[in-house]
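Here the structure comes first, spelled out in structure tokens, and everything after it is commentary.
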Amino acid sequence: MIQLYNSLTNKKEPFVPIVPGKVSMYVCGPTVYNYIHVGNARPAIAFDTVRRYLTYRGYEVKYVLNFTDVDDKIIRTANELGEDTETLTNRYIEAYLADTGALNVQPADVHPRVTDTMEEIIEFIRQLETEGFAYESEGDVYFRTKKFETYGKLSQQSIEDLRAGSRVDVGEKKEDPLDFVLWKAAKPDEPSWDSPWGKGRPGWHIECSAMAKKHLGTTIDIHAGGHDLKFPHHENEIAQSEACNHAKFANYWLHNGFINIENEKMSKSLGNFLLVHEALKEVDPMVLRFFMLSVHYRHPINYSRELIEQAANGWSRIKEAYQNIEYRLSVTAGLGEASESMERKLESIKASFIESMDDDINTANAVTVLFDLAREANIYAKADHVAKATLEQVLSLFDELTGVLGLTLAEEKELLDAEIDQLIQERNDARAARNFARADEIRDLLKEQNIQLEDTAQGVRWKRL
């Protein structure tokens, strides 16, 4: 059975969805005012992998990841660039989908935007006001935190301790330092919407509560996001949602660890970030994904050139093993007798993979299992007697397990040296038979694979570009 580490209880728990066989999952997406950096890609990859594994285990997953497309940073950036917020956010939403798509992150089933959810947000706040959990103050609306008695349960903090660390400045409009804004009164030259409290726009926390409810209902199976969102964002989501809906908001809370540079969190505010599209100019997308999966999603990762090179070498080992099996399959004639011992090893490897992923989506252990598969594949590829059926089983298991992790092998295939030599011999034979069309076809095929041919007096020489 799948066990997930629930941040709400701080322990691993058996995963039991609300509706048998179905999973509702909400992930806090980006505020779209800039390109995403490598740290932003961590939750995208981590929770895409959770979704993939749940699907692999037979669940029907409805996956929602939002775009925050109205925010102080968005407004400020749009003003600096002299463009409207819609143009800005559309550009960065497209960029987000392109960058995460390059990392083989599947699009969500629903990508809601705040600006498309305004009616539901306003109704949500109105309901909180009716219940006595919200109050209006000079056009702003705040959540009355002291009325929600279990506030702090996600971050394991008491209201008293939180209040002791807060203060209300003179002239501030809140009743309590812990109260947070649900609706902001309109300011000149900012996007605004009509509401019962006058023109304005929503606060950040209420947006996710409303979008989750609209697309997944009052109680969802899994809510996920970065560790930095646990407090106050997720804490406030719980307070709003449970106060409004009189129901538990989410049964499982998953939080991914940070990506650090020089042991400090990668972030735009610190200026120590690396944009994904810049990183991918130097790092293969599958290597970057493999790098992140090599560490458990809850643990921090230190990003460095040395560790990226280690990930590249590890991914290369797995690819080469896959290609060795492909080549042996291509030159193996006849059916042959299937290897029972190899098939037993494959069954054991698959069982170990599932055991690792059942344990709170432990991709670090799952990657170790891939190395076990690569080792056994290399041994079998060199065996004197092999069977096509067994070779095909090895390839199938590679595709199955890497597919669960969102890693692609077949699409990245490079020609092996032996395959290149074989094609060159075929080209030589075609030229000798004056079949120049076929010879040119082979030359073009090799060129597409970045293989350059040079005809010399001693024969054809080739090199990789």
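Cβ from N, Cα, C; glycine included.
Listed in Swiss-Prot:
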BINDING   Cys28, Cys208, His233, Glu237  Zn(2+) binding site
BINDING   Lys268  ATP binding site
MOTIF     30-40  motif ''HIGH' region'
MOTIF     265-269  motif ''KMSKS' region'
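On the structure: features taken from Swiss-Prot.
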{"residue": "Cys28", "record": "Zn(2+) binding site", "DSSP class": "coil"}
{"residue": "Cys208", "record": "Zn(2+) binding site", "DSSP class": "helix"}
{"residue": "His233", "record": "Zn(2+) binding site", "DSSP class": "helix"}
{"residue": "Lys268", "record": "ATP binding site", "DSSP class": "coil"}
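Cα of Lys268 (ATP binding site) to Cα of Cys28 (Zn(2+) binding site): a distance of 18 Å. Long-range C-beta contacts of Glu237 (Zn(2+) binding site), restricted to its own chain and to partners at least six residues apart, with a cutoff below 8 Å, comprise His205, Cys208, Ser209, Ala212, His223, Phe249.
Distant neighbours of the motif ''HIGH' region' (30-40): 67-69, 71, 73-74, 76-78, 88-89, 92-93, 95-96, 99-100, 258-259, 265-268, 273-277, 279, 288, 303; these residues of the same chain sit at least 6 beyond its ends, with a Cβ under 8 Å from one of its Cβ atoms.
The binding-site residues in question are Cys28, Cys208, and the one with the fewest Cβ neighbours inside 10 Å is Cys28. Around the Cβ of His233 (Zn(2+) binding site), the number of neighbouring Cβ atoms within 10 Å comes to 18.
Within 8 Å of the centroid defined by the CB atoms of Cys28, Cys208, His233, Glu237, the record's Zn(2+) site, lie the Cβ atoms of Trp204, His205, Glu207, Ser209, His223, Gly225, Leu229, His234, Asn236, excluding the listed residues themselves. For Lys268 (ATP binding site), the Cβ neighbour count at a 10 Å cut-off comes to 16, with all displayed protein chains included.
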